[in-house]
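Novice: Per Swiss-Prot, signal peptide is recorded for 1-29. As annotated by Swiss-Prot, repeat 'TNFR-Cys 1' applies to 31-70. The annotation disulfide bond is assigned in Swiss-Prot to C49-C62, C52-C70, C73-C88, C91-C105, C95-C113, C115-C126, C132-C150, C153-C168, C174-C193. The N-linked glycosylation site annotation in Swiss-Prot covers N173, and the record cites sequence analysis as its basis.
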Amino acid sequence: MRALEGPGLSLLCLVLALPALLPVPAVRGVAETPTYPWRDAETGERLVCAQCPPGTFVQRPCRRDSPTTCGPCPPRHYTQFWNYLERCRYCNVLCGEREEEARACHATHNRACRCRTGFFAHAGFCLEHASCPPGAGVIAPGTPSQNTQCQPCPPGTFSASSSSSEQCQPHRNCTALGLALNVPGSSSHDTLCTSCTGFPLSTRVPGAEECERAVIDFVAFQDISIKRLQRLLQALEAPEGWGPTPRAGRAALQLKLRRRLTELLGAQDGALLVRLLQALRVARMPGLERSVRERFLPVH
C-alpha cells in the first residue's frame, strides 16, 4: 500500500482535524456566561453550573442532565450582577428627609436617592445651598452634588440681597435716564438717581416727595463707618442720648437707617430735613451735614 504524499496527505490531515475544531465556538459561547462550581447533594457529583443574569436568582442549581433554573426577583428585591444567590437582595436604601428618589427600586438595581432641590450632598449629608451675601453674586447655582458658587460683584455691578440664585446686576445709568446722580452705586446697592435739584428747608411743595426720597437715599447709603451709622441711628431714635446698638453689618444698618428716615418722613409734615440735620449734629457728623446742605438746600 502506497503512502499518501503531496496534496493527498494535506487533504487527509484537514479532514481529520475538523472534528477537533468544530466544538470551539460552542465552548467559547458557554464561556461567555459566568459559571460557578456546585456539588450535587444527591449524587455527590461536582458540577460547573451557569450563573443567573441580573434581575434573577438561582431557583434550582444545575444537574448532570439539566441546566441552572433561574427565577425572577420578587417585588422590592433585586440582583445587580450575574450571580448564584439563592434569594434576591432586598432594596434596603431609604431616602432621608432632605432626599428624593432618583431611581426607583428595580429587579436589577437598588433604590438610589439624591438631595432635594435647595440641598447638596457633602460628607454623607444633604446641606442647604449657601446664599451669596450682599455684594456677591451667583456664578453657578447649587446642584444636588455641589454648593452655590459665589463671586464678589465686579466694578459696575451690584447685588443688594442674600440670594442663592441671583447674579450681580449692572448699575443703572442716571444720565441715560435723564436724571441726576444721587448716590454712586456700590457692590451692594444700585446707583441711585433723582430728579430733585433742591427744595425749601421746611415747606412742603408739589414735587417735594421726590426730594425727600433723594435725601433719605443720599444719607442712608453714604460710604461711612459702621460706628458712625450706629451713632446716627441712635441720634434719630433718642436725641438726648443713646444706648448700645446690637452689632450688625453695614448693609443691615444702612437699610435700618433708610427705614427709620422713611418713618420720620411719614410722621413729620415737611420737617424731615430739619430733623435729619439736627441728628447729624448730635451724632457729630459735620462732613455729612455739610454735604446734605450743599446738595439739597438752595443757596440764597
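The backbone N, Cα and C atoms fix where each Cβ goes, and this holds for glycine too.
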Novice: Tell me, by DSSP, whether C105 (disulfide bond) is helix, strand or coil?
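Specialist: SS state of C105 (disulfide bond) = coil.
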Novice: Taking Cα atoms as reference points, rank the disulfide-bonded residues C88, C95, C105 by distance from C115 (disulfide bond) and give the first.
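Specialist: Going through C88, C95, C105 one by one, the Cα closest to that of C115 (disulfide bond) is C95.
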Novice: Between the Cα atoms of C49 (disulfide bond) and N173 (N-linked glycosylation site), find the distance and write it as a whole number of Å.
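Specialist: Approximately 80 Å lies between the Cα of C49 (disulfide bond) and that of N173 (N-linked glycosylation site).
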Novice: Using DSSP, would you call C150 (disulfide bond) helix, strand or coil?
Specialist: strand
Novice: Which residues of the same chain, at least 6 positions away in sequence, have a Cβ lying under 8 Å from the Cβ of C132 (disulfide bond)?
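Specialist: Once residues fewer than 6 apart are set aside, C132 (disulfide bond) is near V138, T148, C150, S159, S162, S163, S164, E166.
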Novice: Rank the disulfide-bonded residues C52, C105, C126, C168 by the number of other Cβ atoms within 10 Å of each Cβ and report the first-ranked residue.
Specialist: C52
Novice: Calculate the distance in Å between the alpha carbons (Cα) of C73 (disulfide bond) and C91 (disulfide bond), and round it to a whole number.
Specialist: 11
Novice: Among the recorded positions C153, C168, N173, which ones place their C-alpha within 10 angstroms of the C-alpha of C193 (disulfide bond)?
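Specialist: So the list is N173.
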Novice: Among the disulfide-bonded residues listed here (C70, C113, C126, C168), which has the Cα closest to the Cα of C91 (disulfide bond)?
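Specialist: Given the candidates C70, C113, C126, C168, the nearest one is C113.
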Novice: Quick one: give me the count of other CB atoms within 10 A of the CB of C73 (disulfide bond).
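Specialist: A count of 23.
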Novice: Might you list, by sequence position, any residue in that chain lying six or more from C95 (disulfide bond) with a Cβ less than 8 Å away from its Cβ?
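Specialist: Set apart from C95 (disulfide bond) by at least 6 residues yet with Cβ under 8 Å, we have E101, R111, C113.
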